[in-house]
Amino acid sequence: MTELRQRTAREPDGPPEDKESESEAKVDGETASDSESRAEASPPLIPADDTPEVLNRAFSSLSSRWKNWWVRGILTLAMIAFFFVIIYLGPLVLMIIVMCVQIKCFHEIITIGYNVYHSYDLPWFRTLSWYFLLCVNYFFYGETVTDYFFTLVQREEPLRILSKYHRFISFTLYLTGFCMFVLSLVKKHYRLQFYMFGWTHVTLLIVVTQSHLVIHNLFEGMIWFIVPISCVICNDIMAYMFGFFFGRTPLIKLSPKKTWEGFIGGFFATVVFGLLLSYVMSGYRCFVCPVEYNNDTNSFTVDCEPSDLFRLQEYVIPGVIQSIIGWDFANTIPGHGGIMDRFDCQYLMATFVNVYIASFIRGPNPSKLIQQFLTLRPDQQLHIFNTLKSHLTDKGMLTAAAEDE
């Protein structure tokens, strides 16, 4: 009996670890239920009207529907004008603008996560998020500088050292941030902090990686930068216009104002616009030639001999298709939200264009091969020279006399 009473008296206490886990589970459960009850009790938030006061006064006599039409139209024209200005200013300004847009998009997404979890007072969340943004940008832009400004990098000793150990430095910076994250972990909030760690990395993947692809597309030729962005802009505008005038059938519940009429009209309008814009731009070297850095003038150049890809080709439509369609294609010419709202499709388009260029367009770049060749040791350069000379002689591109000389 004495042993039974002693054992019974000890059992309610249990191991300290179990007691802590039960307490932690209770805290988590209470926190979740409290947050749910607060969410149910709180009234829906009404979005603030961010329309400039000048436009509010100018269109005060119109209905809200037509007021939104004119406000969106004016701001769209302003953004298109700004787009033309930055294109005129050249590749360097475009790279800076892409980076600024990337930072703003990152800020918007991270702020969403911070607003969700700020009540838990998690330490270093925003600091670590911006630190990881800096690390990832250092890695990607360092790769770009090394790739496209190779001669300039080799000419300057500090840049050459940074380029040589670039990936090791990038990894060290990231590892430092990871150690800072581990040190910031707070008991009973491990799960939430790892949620936010994952949120930050997914944001980096969506925003920074894809914005880096925009810059890669830019160096392949301005046409690969302008046409995709213009097609997304055209689709936004035409989908809104078709939906505004003809929209009757809702498209998805997530966006009640979107309609099937706007979706279909925007699709066909974008296809026609993309074909016409590509046709016009393919006739100018400044749009189709790759953007390269000239070391002699310390400036960007876009001069080349356009490839067959940008020359008009004749294609014969199969007879079966001609009999179905019955006409010849060749003779037929018949409020915007946040920054992320405007550029989410741009990032996806940039990724598609980059994959398309890598799969079907891009070939070996002679200038980059020569740059790499010049960094080899003299004996390696001589070996490549003799191999190349022998290969060209066998193909009959070099005569025996030239070989002897």
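Every residue gets a Cβ built from N, Cα and C, even glycine.
Where the annotation comes from TrEMBL, it is an automatic prediction and has not been curated.
The shown structure was predicted, so the numbers you read here are calculated from the model rather than taken from an experiment.
Going by TrEMBL, these are the annotated features:
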COMPBIAS  1-39  compositional bias 'Basic and acidic residues'
REGION    1-49  region 'Disordered'
TRANSMEM  69-89  transmembrane segment
TRANSMEM  95-117  transmembrane segment
TRANSMEM  124-141  transmembrane segment
TRANSMEM  168-186  transmembrane segment
TRANSMEM  193-215  transmembrane segment
TRANSMEM  221-247  transmembrane segment
TRANSMEM  259-281  transmembrane segment
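The transmembrane segment (95-117) shares the most Cβ pairs under 8 Å with 193-215, out of the stretches 124-141, 193-215, 259-281. Beyond the ends of the transmembrane segment (193-215), by six or more residues, the same chain brings 95, 98-99, 101-102, 105-106, 109-110, 113, 117, 122, 125, 128-129, 132-133, 136-137, 140-141, 144, 181, 184-186, 225, 346-348, 350-351, 353-354 to within a C-beta distance below 8 angstroms of the stretch. Listed as Cβ neighbours of the transmembrane segment (168-186) (distance under 8 Å, sequence separation of 6 or more from its ends, same chain) are residues 122-124, 128, 131-132, 134-135, 138-139, 142, 162, 193, 197.
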